[in-house]
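K.L.:
Let me begin by handing over the structure; questions about it come next.
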């Protein structure tokens with residue numbers, strides 16, 4: 001799954017988990033291994049204490065009381081027949097599940113949610129062979145666990161196979177999960193309906209009764225009935241179509257490879273496609289609604305190129321004959337990696353050359369790269385349980401970096417990867433963070449695992465590990481991992497074992513790592529002599545939460561290093577600081593460079609304190625080379641002053657990513673009370689000479705953040721002075737921007753960012769140019785092509801008049817480009833008129849003009865508008881029950897709505913208000929981890945202002 005974020009084009013879906021002794025029994029089928037955490041059979045447990053078991057909906061005792069399914073019965077094969085009716089908006093279906101019984105049992109437990117079970121029957125292998133009718137089964141339902149129990153008349157015997165047949169029906173779901181309905185409007189204004197699935201993590205059970213856990217892999221044979229005006233798509237290619245009475249058609253699809261239920265997918269629609277062929281012969285197709293067919297071509301080019309790359313990189317062929325990518329009109333996340341049938345939000349797949357900006361292009365390419373990586377990481381090899389979802393999502397996010405560097409070097413994705421890490425550090429530096437590998441039991445807890453820690457931090461520690469082991473060694477290790485666990489499930493330790501034992505004969509050195517690259521330095525070989533235990537090292541990154549702070553003090557030719565837990569919003573002098581530091585220790589592969597050498601020096605910091613000796617005298621030292629390590633660095637003594645002097649005298653002596661990292665680290669240290677704000681601001685003074693755009697944008701990002709914070713709090717003197725400083729200090733950068741789509745990716749991103757800020761600050765030349773372009777666009781009846789990189793800016797300025805706002809809303813309804821609609825919606829949400837903002841939110845709730853999928857984004861952008869922040873927050877409080885009818889508790893949209901409307905608050909009154917709201921939700925049974933994250937974030941904002949506002953005020957007075 002790929003989760004979109006407004007804050008940045010990324011965001012991505014075990015507190016020392018004590019594993020109970022598992023036993024693992026291989027069964028008749030090869031490569032199936034089901035591990036059970038239960039030491040006695042379900043029947044024994046039930047007979048021993050039936051009162052400990054829950055009551056089913058009919059009043060009878062339900063024979064299972066765990067959230068996880070028992071492992072005495074495992075699925076081997078599903079035969080599914082689905083018939084959706086796009087007029088009555090429901091579906092009827094039947095299935096036959098071939099199961100293997102491992103231990104004798106009198107019941108089979110399956111997952112089922114919101115399905116009406118019509119009947120269920122059971123056949124033995126002998127019954128099937130002699131075509132005997134099946135025995136009817138009693139069906140019990142326990143909705144609290146989303147489970148049904150099939151009670152059998154006679155005990156099922158161990159080591160035999162049976163066939164379970166179930167007929168069922170249900171409504172097509174209203175939301176974005178399970179088997180749900182989606183609509184789109186044609187150019188002619190007609191509303192058309194499609195039916196689509198989205199099952200990850202726990203929603204396959206909404207479409208068919210199943211063993212809905214990742215460990216229960218099986219093969220699926222799918223048949224779909226449809227009308228002739230529609231087509232049906234599923235994971236595998238269609239093998240035949242049978243004509244039925246009444247003009248209905250029944251499509252039969254090839255049987256799938258072994259896979260988890262959450263990867264099953266099928267769609268009934270009237271879409272058109274464009275196709276191409278990968279080097280290996282795999283047919284790749286992009287599907288979209290007919291009027292948007294022209295926007296599919298870039299996705300096809302990118303998909304074929306990336307599929308070729310992955311097949312070569314992993315040295316494993318994509319195992320299916322085809323790969324479809326489908327743009328779905330209503331979609332909660334960014335995309336979903338269903339094997340062979342990847343579904344996308346339209347803005348994550350479609351590219352319109354007229355209205356899609358360079359950021360849009362990067363986004364589409366990034367999401368395609370992410371989902372294609374999942375065809376190996378996640379689909380071919382799947383995590384055993386959702387506590388290790390990072391093995392799917394962290395790897396897919398990491399592979400974006402690797403794949404795009406090779407296939408699309410012109411997108412310069414490598415330069416934006418540090419922001420993937422910076423984004424999650426905001427979350428991971430709070431005490432409410434969680435370990436990458438984290439316990440998750442309920443459906444809501446599982447949904448909450450799809451967050452920045454699993455995606456971004458997972459990717460960042462993998463990138464750090466690759467830098468430590470070398471790219472060649474790391475690649476060998478992951479190929480070994482994928483080949484060893486093909487069509488199987490894996491856990492954390494399996495990855496570390498594969499990375500430690502991937503050597504070919506004669507290819508290894510001491511310490512268990514392979515370094516066949518003779519160009520490796522002696523420093524790297526020195527690591528090996530330390531005999532680093534990779535599993536032990538990586539446990540410190542995956543089994544404990546948070547991020548380390550490395551404190552560096554230079555004493556002559558010695559560097560004194562100290563590590564501690566980095567906590568944002570908690571200062572060393574705070575009483576809780578010491579307690580929050582206890583028992584935290586990382587094995588940190590630190591890197592550093594000095595003034596006296598271009599070499600990258602390496603050291604593993606395993607202790608709380610350590611000393612490193614320098615071979616020669618140096619003027620400065622810079623840790624975390626290229627920002628490739630997941631840690632913050634603080635320089636004690638003269639360290640920061642030396643680096644600030646260096647930046648002012650000759651910033652090019654430091655690598656571009658090192659300059660980017662220094663800016664980020666400095667302001668992070670301010671939030672932890674370790675560096676004064678004036679020191680961090682002094683560091684940014686060199687930016688008028690900065691030639692690296694990512695570093696320049698990072699500095700601007702912090703200054704804009706401070707501006708918006710004081711503007712929202714209506715601290716007028718600081719607001720005015722900071723506005724004046726920004727426009728004066730960055731005037732050369734602003735004035736040199738053209739209003740054209742030209743230059744490199746980063747040139748274009750700089751243009752979009754700088755001009756957007758300049759117009760937001762009411763910079764007269766910017767407002768004048770944007771107004772002029774908007775007027776020309778209106779006069780041309782929307783036909784004029786405004787350069788895509790400045791579209792958002794032009795629309796936002798135009799939206800400030802009533803006539804402009806109304807015209808934009810009209811164009812929003814007419815536009816066929818999702819990229820353009822996003823830009824218009826953002827512009828509409830910048831209005832200073834609250835009645836207009838309220839109208840937008842009402843349209844989002846209604847879901848016709850503004851789709852419900854865009855409501856979370858709309859509430860976020862409205863809350864970031866000073867005139868809309870209270871309005872958006874009040875709306876969420878007053879309409880919480882209605883929002884939960886549209887989005888599942890714990891889902892990405894709900895978390896984004898909560899975060900988007902509260903995380904910018906910075907006053908004690910706001911904190912108290914949010915706290916009371918969260919307490920009322922908990923009393924109603926709604927509890928999310930994000931509640932604590934928000935409360936910590938607001939407290940941090942309050943503390944930041946209290947400590948730093950006087951410094952900011954004083955610094956500005958001396959700077960303008």
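One is the number of the first residue shown, and numbering goes on along the chain from there.
Cβ atoms here come from the backbone N, Cα and C positions, even for glycine.
For 371, the entry in TrEMBL reads active site, proton acceptor. What TrEMBL records for 370, 374, 393 is Zn(2+) binding site. According to TrEMBL, the feature domain 'Aminopeptidase N-like N-terminal' maps to 75-263. The feature domain 'Peptidase M1 membrane alanine aminopeptidase' is assigned by TrEMBL to 298-501. Annotated domain 'ERAP1-like C-terminal' per TrEMBL: 620-938, in sequence order. Annotated transmembrane segment per TrEMBL: 14-32, in sequence order.
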K.L.:
Can you give the mean pLDDT for the domain 'Aminopeptidase N-like N-terminal' (75-263), rounded to a whole number?
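P.N.:
Averaged over the domain 'Aminopeptidase N-like N-terminal' (75-263), per-residue pLDDT gives 97.
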K.L.:
Using a 10 Å cut-off, grab the number of neighbouring Cβ atoms around the Cβ of residue 370 (Zn(2+) binding site), all chains included.
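P.N.:
Other Cβ atoms found within 10 Å: 31.
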K.L.:
Within 10 Å of the Cβ of residue 374 (Zn(2+) binding site), how many other Cβ atoms are there?
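P.N.:
For residue 374 (Zn(2+) binding site), the 10 Å Cβ neighbour count is 24.
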K.L.:
Can you tell me how far the Cα of residue 393 (Zn(2+) binding site) sits from the Cα of residue 371 (active site, proton acceptor), in Å?
P.N.:
10
